[in-house]
Amino acid sequence: MTLTTPLSITAIVPAAGVGSRMKADRPKQYLLLNGKTVLEHTIEQLLAFPLVNKVVVAITDGDPYFPELTLAHDSRVIRVSGGKERADSVLSGLSYVQEHQLSEWVMVHDAARPCIRHSDIDKLIAEVIPEHIGGILASPVRDTMKHATQEQCIETTIDRSVLWHALTPQLFTTELLFSALQTGLEQNLSITDESSAIELMGYQPKLVQGRADNLKITQPEDLDLAEFYLQKMKKETK
């Protein structure tokens, strides 16, 4: 297997956000879970996956926390400069991947999703790579969904059967995602995740159902839930 085969994947982790909703003294990716930071859990899960050759982490310039982590000195972990928005950070990571010809496929994963399971990544790769475009892990919406007015009143009920929660990882060819993000940023388009950039180019990325416990830590109460899931995952691997 060579570095440029589809069986070699580079993970990109945008980790330049501040996580203001957590109301913590540091960005949420550096909060502790079971003795390690959220970011350490996330990166370790990615590095342990056999097909991931490198993890490219986009960090804010001057970030005082990342250099203190043990994994910051791991040769498989590459730091690049993060940007103001998520798309800028991912594009920075993609530039490194292309410049060094690391892989034809990239897998973008949220820094604040430490509970990703290898079984979900296996499923994503198996269903997406034959399509030659890309796709994302996602979870079908379970709750009844309401469309609100500006006054925060219910305007109508939305058919949830066609709605999915977008998760990560999101897996695309390096060249296509680079082109999509670069074009979207140049045109000042709204890019909320990698798949939205691909959609703006006229493609339809595949939805691959993943586990709902692959949560993104956003609110303070999410930390306890993530800690529970991580402990459960640890017991299952024993």
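Glycine is treated like the rest: Cβ placed from N, Cα and C.
Remember, predicted model here, so these are calculated numbers, not experimental data.
Annotated features, as they stand in Swiss-Prot:
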SITE      Arg21  site 'Transition state stabilizer'
SITE      Lys28  site 'Transition state stabilizer'
SITE      Arg160  site 'Positions MEP for the nucleophilic attack'
SITE      Lys216  site 'Positions MEP for the nucleophilic attack'
For the recorded sites Lys28, Arg160, Lys216, the one whose C-beta sees the most other C-beta atoms within 10 angstroms: Lys28
Between Lys28 (site 'Transition state stabilizer') and Lys216 (site 'Positions MEP for the nucleophilic attack'), the C-alpha gap once rounded to whole angstrom: 11
